[in-house]
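> Starting off with a structure, shown below.
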């Protein structure tokens, strides 16, 4: 028997996620229908709630059974048509929709640590999703679990954690930790290398590293000094390895601890009981333990410094908010801390000020630099009634404005939150690295043991020496750290660089999908064009003059919300408009009504044809206007066509240049519009569009996208984020030209903070560059380990008669991580080609 189960969803961030969950549910034979939004699902069928939840989890998201909720006391004031467009996948932001918590982590050294911490956090009751970022040493946790429970779970897994609620405090603590960590690694590297280098040089020049009766006491002192180095400069490796062992796990620190520990124990055994070893096996490796610890600490220090550079983009955003605001009251003006500013307060801005909160100008004019927020390099003129956003700078002028959004609810705060979430996310390509990392260290230990056994039983004499060298070198050269950093470092740098160009990326998956696109579909109105239609010509027929035709058309359009209506009303200006009775909106056709005793029709040719109004006599004029890219709006009075109003929405100033960039990059460009084919083709020709899909109603846009996808195309849809919601959700990547609007920021896979198609070209270029960088890092890490481990195991011995020195292995290990981080940081200097 069929039943409807209501589920609460978590982890969905855009229309693509909604689509994935819906498809996963509908693929089940026991599901008849699945209605999915970004926060909930209503599923009809015979499947149980547990089965549905498991299906959603397999799709990569979380779900729980919903509890009935009371209906709101007041209905939304959003127009019904907007709600219809948005309801499927694009809910507007709410004041309390951010249930995420951020933790600062310590003690993590490689991708194996990430897996352990993530599993520990996800096992806490109330946690719906946990994202651990090795590059930033942070965790982003979604759900209702308390900070204390989260910290305890991380500590129980053998790592450190600190819950941070305030952004400023988080930044301060993160910087303090980073500086302290770099200082610690620096002195540890100096201490270890100060011992290791002289011992190694002396061994190569003045001694042969072999223990004899004459130098036994000296080597014993060197051994004890090396032990002190291992404790003070490398103690963190051994403590971490011990904690991992207690938790039944193994990490990079386990490999370092085993490699250096075995080398030192062997050397000390030879030092204390040389009689137990044959003469040729009395070689000492104290310098190897000290040098390995020194080089790896040096690598960690350089890596930490490079990681700090990768977070610069986010730090720049955090720097945009001033610490104070200038409050205007009846008593005068005074400076108040930003935390005290509340919505409704009146604030003043003067030249050079940075806007503290979002608001609306009530008095004055000013030029504002919004470059850091939107990527728009040209200052914008703002006056009474215009909105201002936190983080922008007053270049010239003075205004009063009323605060509307403060603290975490400003556009800037939401951007920062979105950037941070994107930097903590993982693309599908990163999941391969995670799977390998989960078993990497145990596999390396097994390889080291097997290699050592082979050399012990089948290798040349002295077997014990070769066995030790092989085991130590294999353990030291293996680097799960490079593997773990490969993806997150590229994501942090790529997402941060995109933000500097005014491009907000919802998650890493969006970057990966955007890098594989081959087709870009544009909504026409407001995307390719200015979105401000203008009446460019009025042609009259019969006995109606231009003023009368314009007056009747404007009277009808008073009741319409269509974009063309505003153009006609603007053209009419201050004309006295007659009263209209019986007004009706005819969807996709136009409007009708009665005025001054006449029956009026205003709309496209299809409307007049449907109402049996002859248009044959004016078809030549209709075609002529349409061929010039204008939309012909026809006016009929008492069943007779009397006027044609040519309405044209001009292309954006940078549309042609942006589309040329996309063409050069190899994308096929498609325009999706409700216009008639003649008008649409004229605009497409002017813009440089390859393909036109015309005459499409709003609810048919998603089907048009689906048709393109059925041809095997990877499709991006560029629209305004509200009217194009179904198409944005259907596309492989939805790109909203949101201009900072709530719905656009909170819902799109990619949001452009400025209304410019150059942002589309920038977004796709950065996506390609980021994925390319990510593949370079992963390939480099795989090649390093694929070649390094066999070489360390002695595969070259039969051909060259040489083995890899453990010290060289330690240097290579440190260098591999530094290389990955440095390569990712190249993205911070990436500039899309013009």
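Positions of Cβ are set from backbone N, Cα and C atoms, glycine also.
Under the heading active site, 4-aspartylphosphate intermediate, Swiss-Prot lists 523, citing a curator's inference as support. Here Swiss-Prot flags 110, 113 as Cu(+) 2 binding site, drawing on sequence analysis. Under the heading Mg(2+) binding site, Swiss-Prot lists 720, 724. The domain 'HMA 1' feature in Swiss-Prot is assigned to 3-64; the stated evidence is sequence analysis. Annotation source Swiss-Prot lists motif 'CXXC motif 2' at 110-113. The feature topological domain 'Cytoplasmic' is assigned by Swiss-Prot to 2-186, 239-253, 305-437, 485-778, 822-834. The feature topological domain 'Periplasmic' is assigned by Swiss-Prot to 208-217, 275-283, 459-463, with a curator's inference given as support. Residues annotated as transmembrane segment in Swiss-Prot: 187-207, 218-238, 254-274, 284-304, 438-458, 464-484, 779-799, 801-821.
Tell me about the surroundings of these features in the structure.
Neighbour density for residue 523 (active site, 4-aspartylphosphate intermediate): within 10 A of its CB lie 25 other CB atoms from the protein chains shown. Look at residue 523 (active site, 4-aspartylphosphate intermediate): DSSP puts it in a strand.
Within 10 Å of the C-beta of residue 113 (Cu(+) 2 binding site) there are 28 other C-beta atoms, taking all protein chains into account.
The DSSP secondary structure for residue 720 (Mg(2+) binding site) is coil.
When Cβ-Cβ distances below 8 Å are used as the criterion, the topological domain 'Periplasmic' (208-217) is approached by residues 270-271, 274, 282-285, 287 of the same chain, each at least six residues removed from its ends.
Mean pLDDT of the predicted structure over the topological domain 'Cytoplasmic' (239-253): 81.
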> Measuring Cα to Cα, how far is residue 724 (Mg(2+) binding site) from residue 523 (active site, 4-aspartylphosphate intermediate) in Å?
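If we compare the Cα positions of residue 724 (Mg(2+) binding site) and residue 523 (active site, 4-aspartylphosphate intermediate), the gap is 8 Å.
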> Within a 10 Å radius of its Cβ, which of these binding-site residues (720, 724) has the fewest neighbouring Cβ atoms?
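If we count Cβ atoms within 10 Å for the binding-site residues 720, 724, the smallest count is at 720.
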> How about the transmembrane segment (218-238) with the transmembrane segment (438-458) - do they touch, taking at least 3 C-beta pairs under 8 Å (6 or more apart in sequence) as contact?
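Result for the transmembrane segment (218-238) with the transmembrane segment (438-458) is no.
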> Please work out the helix, strand and coil residue numbers for the topological domain 'Cytoplasmic' (822-834) from the DSSP assignment.
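Grouping H, G, I as helix and E, B as strand yields 8 helix, 0 strand, 5 coil.
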